[in-house]
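Step one of this worksheet: look at the structure below.
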Amino acid sequence: MSLLHLAILLPFLSAVLIPFLFKGFRNIHTGWFVLLVPLVLFIYFIQYLPLTSDGNTVTKTFEWIPSLGIDFTAHVDGLGLLFALLITGIGSLVVLYSIYYLAKEKEALHNFYVYLLMFMGAMLGVVLSDNLIVLYMFWEFTSISSFLLIGYWYDRERSRYGAQKSMLITVFGGLSMLGGIVLLYIMGGTFSIQELINMSESLITDPLFVPALLLILLGAFTKSAQFPFHIWLPDAMEAPTPVSAYLHSATMVKAGIYLVARMSPVFAESGLWLWLVAGFGIITLFWGSFNAVKQTDLKAILAYSTISQLGLIMSLLGLGAAALHYDQLDDNIYMIATIAAVFHLINHATFKGSLFMMVGIVDHETGTRDIRKLGGLVNLMPITFTIAIIGSFSMAGLPPFNGFLSKEMFLTGMLSVFELDLFNLSTWGVLFPVLAWIASVFTFVYSIKLVFKTFLGKPQFDKLPKKPHEAPIGMLISPIILVSLVIIFGFFPNLLSNSMIKPAVEAILPSLVDSGQTVDVNIYFWHGFTPELFMTIGIIAVGALLYATLAKWQGIYNRIPERFTLNGMYDAGLSLSEKGSLRLSNAYMTGFMRTYLVYIFSFFVAILLSTLLIKDGFAIDTTDLAPIEFYEVILAIILVASAVTVIFAKSRITSLIAVGAAGYTVALFFVLFRAPDLALTQLVIETVSVSLFLLCFYHFPRISRNIERIGFKLGNAVISVLVGLTITLISISSFSSRSFESISQYHIDNVYDLAAGGNMVNVILVDFRGFDTLFEIAVLAIAAMGIYAMIRYRAAGGKEE
Amino acid sequence: MKKTNDVILQTVTKIITFMIILFSIDLFFSGHYTPGGGFIGGLMTAAALLLILLAYDIKTLQVILHVDFKLMTATGLLIAILTGTGALLFNEPFLKHAFDYINLPILGETSLHTAVLFDIGVYLVVIGVTMTIIQTIGESE
Amino acid sequence: MEILMSIVIGILFMCATYLILSKSLLRIIFGTLIISHAVHLLVLTMSGLKRGAAPILTDGVTAYTDPLPQALVLTAIVIAFGVTAFFLVLGFRAYQEIGTDNMDEMRGTEGND
């Protein structure tokens, strides 16, 4: 356990304190305490920056389950550190923002911050774990905390729906990923990512390689909301806005991107990887931006925009894999795609985070997020307007903001497809730049729409639930910091290039570094009159035109019937599976006790008898049998007779006497079998039991015979006979076959030496197998408590009599 | 319920209960070397108490023995667990027992076992459980 | 002796199963009681019967009956007692609440799902 491990676990540990802080200091907003955690961690992780920018990595191992090869190995390299800084940096800003967003009087802050800290720790665990199983564990933790945060206002129906949807989709992906991890383990014999990367060349020929690749990608795509799994993200917007800004735009949804980047060295040699990652990315990019335009809810626009931007990064990562196939080039132009991916990842976190916070402010101050009711806010909320315009222009890819730079690099990356001569990219690959350009146009349209419809246009304040005014300064600090970063990264992108982007790219493409190539990150504003520049000009021109004529062509969105949308299919599938499962379980869960018992007994007979037959398990050995005395036969007959009497007895007293007789006969058998302790116990127990029955008879109906039809009786008889037969066969086989010596000899030999006792049975009970006895008396006590509760507390209202 | 005349039963009970209880205690302590032990001893004691209950009624039993049997069960469990935990103090596994031979004034050389402490726990639980069950069923009438 | 016991145990199981499958609550409880007797005998029979003296240390005796099954059965007897008592109370409380001891009239699914 090193300091690094403690850093990862710190959010979890501090989450324990939150409820007490919430209860103890009602006057202080709990967020102020929480804020310390990401701040401290951010400062801590900053210290690693010089280390990773020199190309070094830090690995600390803490043994967890060494027998299964599962160690909590923390591995800090360029990629992991970049994410760790994003998580803690954006985390600090979001917590600060939430202090003003969530009122301490009304909200269940202790729940909120516990979930948030849980998420933060889980996310740090995901990006800093080298062991895939540990990574998976943290991965699912992020899904769970996301579920809890989306459902934070659990009394709203939409929140519950969104939470369930995100849970189902991301956990489904997580489980497939677990399958992929297990396949990787089967292939490589290790869960360590670094070790898998070292053996990637041998893995690619393995027949399990493709299934593992598909399963891992499924996990990444569901988490990062790639088409067609993107449908959960818009519904996740039911979460409080700080959560949307943090989980559903800056960090958690990027876990899928992280996974793709992290696993690139393992899988990227394969053409399938390139096609899938780049293909799904570009489709998502297009589909997200296309759908964002039609949204009327500000957060929905941002949600679809996030989907589309995630697709953009994903497609860049996919194309970046092409660089691996050209490791002999001096100036590797394909590397630009990966560089652009990492750069855009940072940029997206800054501008999308600020936009979400801006929307939160608008929502908070006006009471609505509906774009149709908003307008003309610019005079009332000038600072918010400034934030919005910087954020959305950066998103649209306009200079001089950082979005412009990464958008240019993105277009360069897409254009480089033309020069690729790999995996048939020269044919269908043409679609990449085309789709990229179309998607960029839509991105431009919705970015403009986001700002103009909200802040410009005709004021219609009478439609708003609240009288709007500028937000308090505390709420504005975080988005102002983020938009300042948008501008700073826009003007001085090379602040990042060597400190963060280069080490991250080196971590994604380690084989290039090994082959002696240098990752050269130089980001410029002006490249001359390149195709990219003309494309950008085209985007602005066409985008402006489309925005102006929006009302005319908006109708195409209504062309797809609700039933055929992905959401429609998800809802239909969910209700179908719910109804189907209900019908299926109702078909065999009849509610009759007897049916269940019949199932149990039938399976019992079927499984045991067939095993006996198939495995040829039946054995009979008559060489070593105990002799039978005459009186023993008599006892056996009495026992059988009394058991049969119970079946045919008409009155309950007769049954009871017969049962008692059986019990006392069993006690006599214990005497014959040289078991004095058992005999004594059985005698007393039988006496107590019989008196218990007599006491209880008072409460039972006097005549307890229910008419049973003959068919019913016959069916029961068949099952009973089969059960009896099975038991007899098993009993005979069990004493006839002996695979190994009884362990009892140990007890017999050591009873005096080790326990100083003479009665072996008692010594076994209290000493050798004391655990059994301890649990047994615990069970007894529970039974007694159950009986006490059943009698004392009546069902009605649970009141004591 | 109709008041029945069971003078004989009641008289016999008075004498026999003590004999049964004495016997049960003997069974309990001799359990380590001869048949007996916590389970049997406990059951036997419970049977004696049951006899009182049948011959008289619940109120009589409560007058004679003012004990909360639920508490007895809990105490028994606690003793059993504490005996087990005791071993941990001596850096031994949970429930590891120890014994020694000690010269006592009257009894002479006696072997003392921590296992007996555990068995006392069992004994108390068995009495407590049996009597709780019977008492609650009886009271519900 | 073991074969005889196996058959007896089989018959006990048969009777118990038949009782458990019947409709009356009380008969089901009787069934569980008989099934526990049968199981106790089964455990003892499995280890072989009458293979030596009772498992109590005695001078001069070397062959003892297997003590381990006996210890297990002793535990089982006491547990069976607890379970039977629980069933009994469950049975009559159910009768008091629902007003029937016929298993066919006791159905759990409606109104609970």
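Cβ coordinates come from backbone N, Cα and C, glycine included.
It should be emphasised that the depicted structure is a prediction, and the values quoted were computed from it without experimental measurement.
Residues or ranges marked as transmembrane segment by TrEMBL: A:6-25 (among others).
The transmembrane segment annotation in TrEMBL covers A:32-51 (among others). With a cut-off of 8 Å between Cβ atoms, the residues of this chain six or more beyond the transmembrane segment (A:32-51) that come close are 7, 10-11, 14, 17-18, 21, 25, 58, 76, 81, 84-85, 87-89, 91-92, 95-96, 99, 113, 116-117, 120, 124, 499-500.
Per TrEMBL, domain 'NADH-Ubiquinone oxidoreductase (complex I) chain 5 N-terminal' is recorded for A:65-112. Each residue of the domain 'NADH-Ubiquinone oxidoreductase (complex I) chain 5 N-terminal' (A:65-112) gets a DSSP state, and the totals for helix, strand and coil are 31 helix, 8 strand, 9 coil.
The transmembrane segment feature in TrEMBL is assigned to A:79-100 (among others). Residues 29, 31-32, 34-35, 38-39, 41-42, 45-46, 48-49, 52, 112, 116, 120, 123-124, 127-128, 240, 242, 245-246, 250-251, 254, 258, 261-262, 342, 345-346, 349, 353, 357, 360, 471-472, 474-475, 477-479, 481-482, 500, 503-504, 507-508 of the same chain lie 6 or more positions beyond the ends of the transmembrane segment (A:79-100) yet place their CB under 8 Å from a CB of it.
The transmembrane segment annotation in TrEMBL covers A:112-128 (among others).
The domain 'NADH:quinone oxidoreductase/Mrp antiporter transmembrane' annotation in TrEMBL covers A:129-419.
Long-range contacts of the transmembrane segment (A:134-154) within its own chain (CB-CB distance under 8 A, at least 6 residues past either end) are made by residues 64, 70-73, 108, 111-112, 115-116, 118-119, 121-126, 160, 162-164, 166-167, 170-171, 174, 177-178, 181, 193, 219, 223, 235-236, 238-240, 243, 247-248, 252, 255. If you look up TrEMBL, you'll see A:134-154 (among others) marked as transmembrane segment.
Cβ atoms under 8 Å from those of the transmembrane segment (A:166-188) belong to residues 69, 132-133, 136, 139-140, 143-144, 146-147, 150, 195-196, 199, 203, 206, 208-209, 211-216, 218-223, 229, 231-233, 235-236, 259, 266, 574 of the same chain, restricted to positions at least 6 beyond its ends. Among the features that TrEMBL reports, transmembrane segment is placed at A:166-188 (among others).
Among the features that TrEMBL reports, transmembrane segment is placed at A:272-290 (among others). Residues 210, 213-214, 217, 221, 225-227, 230, 260, 264, 304-319, 321-322, 422-423, 425, 431-432, 435-436, 438-440, 442-443, 446 of the same chain sit 6 or more residues outside the transmembrane segment (A:272-290) yet have a Cβ under 8 Å from a Cβ within it.
What TrEMBL lists as transmembrane segment is A:332-362 (among others). Long-range contacts of the transmembrane segment (A:332-362) within the same chain, counting only residues at least 6 positions beyond its ends with a Cβ under 8 Å from a Cβ of the stretch, are 82, 86, 90, 93-94, 97, 101, 241-242, 244-246, 249-251, 254, 257, 261, 298-299, 302, 305-306, 309, 312-313, 316-317, 319-320, 322-323, 326, 369, 374, 377, 381, 384, 387-388, 390-392, 394-395, 401-403, 405-407, 409-410, 412-413, 416, 419-420, 450, 454, 471, 475-476, 478-479, 482-483, 485-486, 489, 493, 496, 500-501, 504-505, 508-509, 512, 517, 519, 521, 523.
Look at TrEMBL and you will find A:430-452 (among others) tagged as transmembrane segment.
Taken from TrEMBL, the feature transmembrane segment covers A:533-553 (among others).
The domain 'MrpA C-terminal/MbhD' annotation in TrEMBL covers A:637-702.
Positions annotated as transmembrane segment by TrEMBL: A:710-732 (among others).
The feature domain 'MrpA C-terminal/MbhE' is assigned by TrEMBL to A:716-795.
Taken from TrEMBL, the feature transmembrane segment applies to A:773-791 (among others). Residues 765-766 of the same chain lie 6+ residues outside the transmembrane segment (A:773-791) yet bring a C-beta within less than 8 angstroms of a C-beta in it.
With pairs at least 6 apart in sequence, the transmembrane segment (A:6-25) and the transmembrane segment (A:112-128) have 3 or more Cβ pairs within the 8 Å limit; the two touch. Counting residues of the domain 'MrpA C-terminal/MbhE' (A:716-795) by DSSP class, helix then strand then coil, yields 65 helix, 2 strand, 13 coil. Within its own chain, the transmembrane segment (A:6-25) has Cβ neighbours under 8 Å at 33-34, 37, 40-41, 44-45, 74, 109-110, 113-114, 117-118, 120-121, 124-125, 128, counting only residues six or more beyond its boundaries. For the domain 'MrpA C-terminal/MbhD' (A:637-702), the number of residues in each DSSP class (helix H, G, I; strand E, B; coil) is 55 helix, 0 strand, 11 coil.
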